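Listed in Swiss-Prot:
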TRANSMEM  31-51  transmembrane segment
TRANSMEM  59-79  transmembrane segment
TRANSMEM  102-122  transmembrane segment
TRANSMEM  126-146  transmembrane segment
TRANSMEM  167-187  transmembrane segment
TRANSMEM  209-229  transmembrane segment
Amino acid sequence: MIKNFLLSLSFISRLPLNINVNDFDRRVKKLPSFFPLVGYIVGSIYYLGALSNNLALKVFFLVLAFYFFDLFHFDGFLDTLDGFLNQSTKEKRLEIMSKGDVGPFAVFFGTLFVVVFWNLYLNANPFYFFISSTFGRYSMVLLMAFSKPAKKEGLGALFFPFEKKNLLISTIFTFFLIIFFKQYIISLTVTLITTYLISKIATSKIGGVTGDVLGGTCLFVNGLILLILEVV
């Protein structure tokens, strides 16, 4: 179990963990179970930064969390925007997403996300980052449960066929937050609705999900929960 958690941590982060296993193809299907636990780590870093009154420390923790955990999700978010918003065929959209070139949709909405996130980082309840980071990772598990892979290869396809028990285990791992009942229910509801809608959009646009869509969903749900918790 510990080795699977460490593999999960290394898989959805940039942490230089060298985990050697002989049965990776079997283990990789189990990694989504531990995604919410990774979220607790990310949330802790953002929490410490948001809690600090020192601007230099705030920036340090923000860079730390974003570089090691959220930067490649941000890349997926940008690629997904450019692909989904392109008025073309499924094949062309997948090609745009795989190239990774930054288009106008990615520039606009990516900048908007950064501006909103920075303002929330300065003003929102620091604990909300703990919640949003956990549910952001949980949303990737839900998206796998709701969807099918758009391609037969790539990072997203590694998790399919999806093992349903991953959804049960990952849901249980979110229960640590249930003591904050109101925020938990709001976050769970937002995650369920948003992830379901994204799965339908992804199926319509590209025939399923990719690694970019999974990462982009994580970041989008993370930011959306932060915003909603701060507003309500």
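Glycine too: its Cβ is placed from the backbone N, Cα and C atoms.
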Residue numbers, six or more beyond the limits of the transmembrane segment (209-229), whose CB comes under 8 Å of its CB atoms: 70, 72-81, 83, 94, 97, 113, 116-117, 120, 124-125, 128-129, 131-133, 135-137, 139-140, 143-144, 147-151, 154-157, 183, 186-187, 190-191, 194-195, 198-199, 202
Positions on the same chain near the transmembrane segment (102-122), where near means CB under 8 A and six or more residues out: 46, 49-50, 58, 62, 74, 77-79, 81-82, 85-86, 96, 128-129, 219, 223, 226-227, 230
